[in-house]
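This report refers to the structure that appears directly beneath it.
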């Protein structure tokens, strides 16, 4: 295998964001993307065909856990199994006209991202990670929790990597996935890479970009020996993934944390990206834009279920009902009978089995009774989406102390 050097450009984006405690956050002046900051990796350029569209990817050949994985552009990492399975499923679907939907991007269950921080990262970068996480939780439905192996096997490891580049997997891979951070990774860079791990792509690569921006190919250094620049400017179109799930909706967002700078990879100092009318745009140092937050909340919505009526006590004999409201605003009534959950099988310290499900539009709703104690009962509602991600909400349906902690 002929090895070449592929050098990743550092995406450096504005990193001062609005939040309620801006006075506690330090302002940073962050440069735009520059080809002067690189990370050397051994590997080769490979071609992958997805939906008759040929992508130029960098296959990493280093003797590390990244070996065999693919880099698209400069900072988007795809797990080999993730991408190869997606391509195989896509081909199979087109051959059979099946209804199954291959999924390239997997989301995080319960809107919760578990994370761990590499001890080798500098105190400055560790601080930036914590501040970036705080900002990402502001205005979104996302929850970040320190990694606990008893709670989840899927988590992000923020890991130091030598050089000046930072990069991340796209979407949830499963198990440990690494966001590689350089020694000078700022809050803006970290937020950008976290967004990749949540499933976001670069804004300038969206499939409808030609309605909003112009790529000035004459100014792009395609022959740069240190980077696979062409892939960084290619339009991406994944039909199975709704556009609004991987980019901001309602038009291209020039303020997005996922947007490239106007002079990215310029060979002559002239802009490589402009607005459609040829004018320049300014990257604003405000972190997640309003559309970024809207996009993330669309991908990771709050579970829109409210229990409107529930049994006063689980030992009620005969028929009892739970009335709940789903996303579309309609109310649904579930009728359970005593024989479904006989009185004599209740254990005050063990959860009952799931015994009711509702399926519609590729979603499955299940309800489960938990007895935390003899006098405290909870109803857990779990919505499983068609991509396998679950959303959970718990309601107190029996007597007990107020303010009690719901079951995990």
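Cβ from N, Cα, C; glycine included.
Feature annotations, courtesy of TrEMBL:
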| type | residues | note |
| --- | --- | --- |
| ACT_SITE | 193 | active site |
| BINDING | 192, 196, 202 | Zn(2+) binding site |
| DOMAIN | 97-302 | domain 'Peptidase M12A' |
| SIGNAL | 1-17 | signal peptide |
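Projection of TrEMBL feature records onto the structure.
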residue : record              : Cβ contacts under 8 Å, 6 or more apart
193     : active site         : 75, 166, 167, 168, 179, 181
196     : Zn(2+) binding site : 75, 76, 77, 167, 168, 169, 170
202     : Zn(2+) binding site : 73, 76, 232, 258, 259, 260
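Using a 10 Å radius centred on the Cβ of residue 192 (Zn(2+) binding site) and all shown protein chains, the other Cβ atoms total 28.
In the three-state DSSP scheme, residue 192 (Zn(2+) binding site) falls into the helix class. Mean per-residue pLDDT, taken over the domain 'Peptidase M12A' (97-302), amounts to 85.
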